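Report on the following structure.
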Amino acid sequence: MGHPAAETSSFMTDFLRQSGGVAIIDGGLATELERHGADLNDPLWSAKCLLTSPHLVREVHLDYLEAGADIIITASYQATIQGFEAKGFSGEESESLLRKSVEIACEARDIYYDRCQKGSPDSNNVRVLKQRPILVAASIGSYGAYLADGSEYSGNYGDAVTLETLKDFHRRRVQILAASGADLIAFETVPNKVEAQAYVELLKEEDIKIPAWFSFNSKDGVNVVSGDSLLDCASIAESCQNVVAVGINCTPPRFIHGLILSIKKSTMVLHYVPLCTLGIKNVVTTKPILIYPNSGESYDGKRKEWVQNTGISDQDFVSYVNKWCEIGAALVGGCCRTTPNTIRAIYRTLSSRSPAPSL
């Protein structure tokens, strides 16, 4: 689906207006797949389910939509052509699996809309069945996610991995997902400046038309995980016309407040919102800021497991949400170890949202 430049520039602004000013992103995928019975002990991680149990992926997407999510992210974070080929699949089969991740999410959206129309009964009153705009975001994880060695949490790829290495690695996947029918591309858990630059250059070189968002991760609340400046990284993302939102994911909630303020610093004077959007003249603003932290638990990259009892409760997680929105977050959700209960709690705390006046 094509998105002319002018349309792309208003894509997220229009969506947020329709969503009442703040949109809700879904939560962790792998944790939920495991809860449904999937075995993810594999370098492909959640992408393994594209092969073995696509029905579970669809079920998790539906769980998040029924919890109130406005955006669902595909199971392609760790799905790479190189990773599938290492499992013995052909290039054509690998590309088909990437497309399948988007097809599954779109199917879930269609099923959800059908349930909304039919008004399926909910005796416990916990399901959100509300006709609303819903986006499918095609996930692209970092080179470190493909390596499956925890380097997405360090951003340290070694000197041998250059800008060109990263562009060559991601190029075909970006092409495939851009043409897959997704509404936008989600470049997630970007751990360093060079990978952000690689993505921006690919979007330009390949003349990618659909919108994208960039989300970085941090372990100190100041820089991205590699030690590169978050200000520098966010500025790279801001420079790209395709990019419709910039933010943070897979980062402990306690760091988010300061990181939002850092992102705002990097983007304060880059473009004007049309005065009709806010009803105020000459407002200088940023691209929308997106925030979907993890539960606060620590991940042991060597043992490939989460350290128990290091996270926070859904109640504590949600207590942050209104504060994040007050200082500028426009898209809020969860990453690793958050669940539909987390998203449902976010939905409820933001349920007083009223749609912005129609123009």
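Going from the start of the chain as shown, residues are counted 1 onward.
Backbone N, Cα and C atoms are what each Cβ position is placed from, and that goes for glycine too.
All TrEMBL annotations are machine predictions without curation.
Feature annotation from TrEMBL assigns Zn(2+) binding site to C250, C335, C336. The domain 'Hcy-binding' annotation in TrEMBL covers 11-350.
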Additional residues around Zn(2+), ordered along the sequence, whose Cβ is within 8 Å of the centroid of C250, C335, C336: G28, T189, N217, N249, T251, Y292, P293, N294, G334, R337, T338
Packing count at C335 (Zn(2+) binding site) (other Cβ atoms within 10 Å of its Cβ): 25
Averaged pLDDT score, the domain 'Hcy-binding' (11-350): 89
